[in-house]
Amino acid sequence: MDVLELYRRTGALLEGHFLLRSGMHSPFFLQSAALLQHPLYAEAVGEALGKLFKDEKVDFVIAPAIGGVVLSFVVAKALGARALFAEKDGRGGMLIRKGLTVNPGDRFLAVEDVVTTGESVRKAIRAAEARGGVLVGVGAIVDRSGGRAAFGVPFRALLALEVPHYPEEACPLCREGVPLEEV
């Protein structure tokens with residue numbers, strides 16, 4: 001599967017000057033919602049990501065809301081597991097709503113569309129671990145961390161993409177006066 005081509009085909013690969021959730025600036029942004037809004041593409045991505053973890057026993061898949069909800073669902077479907085999501089708790093962390101089941105000892109896979117620093121998915125992981133879940137792996141459609149994201153368990157992505165990103169003070173796009181778009 002050519003993941004980058006799916007991003008291009010769906011208009012999900014954007015060029016400009018973007019402020020990422022990580023606080024970094026980048027000339028490129030991967031708008032995964034534009035890709036995942038297509039059920040056939042979403043299912044194909046979920047199947048492919050699920051195959052990377054087919055040998056793990058997974059009770060549930062979790063992702064940060066709202067962007068990861070579809071991804072969690074399609075990967076969980078591929079693995080025959082439950083699909084959960086973690087929401088912002090208003091205090092800088094995330095929580096899992098009542099009604100979404102996490103039993104002590106349940107093995108889980110955390111997924112994210114694009115990992116740059118991994119902070120969003122780490123918050124979802126902490127929420128699941130707080131309910132007794134045991135992390136067995138982290139998956140992403142795209143790893144743009146440059147190999148810097150580490151979770152203490154296997155981390156696998158469909159695509160490793162070297163995309164430049166800069167702290168604000170070192171951003172060449174800021175120096176050139178290119179307007180910044182928050183994403």
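Glycine is no exception: its Cβ is also placed from the backbone N, Cα and C atoms.
Residues or ranges marked as 5-phospho-alpha-D-ribose 1-diphosphate binding site in Swiss-Prot (evidence: sequence analysis): Arg21, Lys88, Glu112, Asp113, Val114, Val115, Thr116, Thr117, Gly118, Glu119, Ser120. Annotated orotate binding site per Swiss-Prot: Thr116, Arg144, in sequence order.
This view paints the features noted in Swiss-Prot onto the structure.
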{"residue": "Arg21", "record": "5-phospho-alpha-D-ribose 1-diphosphate binding site", "DSSP (3 states)": "coil"}
{"residue": "Glu112", "record": "5-phospho-alpha-D-ribose 1-diphosphate binding site", "DSSP (3 states)": "strand"}
{"residue": "Gly118", "record": "5-phospho-alpha-D-ribose 1-diphosphate binding site", "DSSP (3 states)": "coil"}
{"residue": "Arg144", "record": "orotate binding site", "DSSP (3 states)": "coil"}
Checklist outcome for this item: Same-chain residues at least 6 positions away from Thr116 (5-phospho-alpha-D-ribose 1-diphosphate binding site) with a Cβ under 8 Å from its Cβ, in sequence order, are Leu20, Arg21, Ser22, Met24, Arg144, Ser145, Ala149, His165
Checklist entry - In this structure, which of the binding-site residues Arg21, Arg144 has the fewest other Cβ atoms within 10 Å of its Cβ? => result Arg21
Checklist entry - Looking only at Cβ atoms, how many others are within 10 Å of the one on Gly118 (5-phospho-alpha-D-ribose 1-diphosphate binding site)? => result 21
Item to check | Cβ neighbours of Glu112 (5-phospho-alpha-D-ribose 1-diphosphate binding site) where a neighbour is any other Cβ within 10 Å | outcome: 28
Next on the checklist: Return the residues near Ser120 (5-phospho-alpha-D-ribose 1-diphosphate binding site) by Cβ distance under 8 Å, restricted to its own chain and a separation of at least 6 in sequence.
Outcome noted: Arg21, Pro64, Glu112
Next on the checklist: Applying a 10 Å Cβ distance cut-off over all chains shown, what neighbour count does Val114 (5-phospho-alpha-D-ribose 1-diphosphate binding site) have?
Outcome noted: 24
